[in-house]
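Shown next, in structure tokens, is the structure this report addresses.
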Amino acid sequence: MKIVLASNNPGKLAELQALLAPLGLELLSQAELGIPEAEEPFRTFVENALAKARHASRLSGLSALADDAGLCVDAFGGLPGVDTAFYATRFGYAKGDNNNVRALLEQMAHLTQPGQRRAALVSTLVAVRSADDPEPLIASGRVAGEIALQPVGSNGFGFDPVMFIPEFAQTFAQLPVSVKNANSHRGKATAQMIALLRERWL
């Protein structure tokens, strides 16, 4: 079964291809099909993921899977949230993972006490059989941790180098990819999605 991933992010595509491999699904990126990115006008992950999935399905004629994910920092009232990908641009930097990390560390520099750097990575996955599917599959994963004082590790992407996970006493970027994938927000959401796909679509 072919499913289009409503994302142009190569890191996200590689991670989801690995996580969905047990189902034998062929996951194509929307970029391969010449599909432009969808608008993301909403303030919640689930609404944006649904909009992206419907957009990719409408333009490809295929079933679609979309992920909307982000970092929610307690000290910032849950922000940057749905604006995570563009976080650095709020502070004069170009869009990009390294600049997002730099901007976050600068904005959190004054927060040095235990508990002040709490944050969560959240992922919401939505799958639709068609653009007008009235019953989308929805899965959500969340991992709580703390923002490290500086980036550590070279695996992963996004905020992985500064997302310190107390249960492992390491950042996501320090963990082997297989361990990170099994325990990440996207890994948890994907496990739920796999169960839903098996139950309802396959």
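Yeah, the Cβs are placed from backbone N, Cα and C, and that goes for glycine too.
What Swiss-Prot says about this protein:
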- Asp68: active site, proton acceptor (ACT_SITE)
- Ser7, Asn8, Asn9, Pro10, Gly11, Lys12, Ala69, Phe157, Gly158, Phe159, Asp160, Lys180, His185, Arg186: substrate binding site (BINDING)
- Glu39, Asp68: Mg(2+) binding site (BINDING)
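The most crowded of the binding-site residues listed here (Gly11, Gly158) is Gly158, judged by how many other CB atoms sit within 10 Å of its own CB.
If you draw a 10 Å sphere around the CB of Ala69 (substrate binding site), it holds 25 other CB atoms from the protein chains shown. Cβ neighbour count for Ser7 (substrate binding site): 22 (other Cβ atoms within 10 Å of its Cβ, all protein chains included). Under a cutoff of 8 A between CB atoms, and with a sequence separation of 6+ in the same chain, the neighbours of Glu39 (Mg(2+) binding site) are Ala51, His55.
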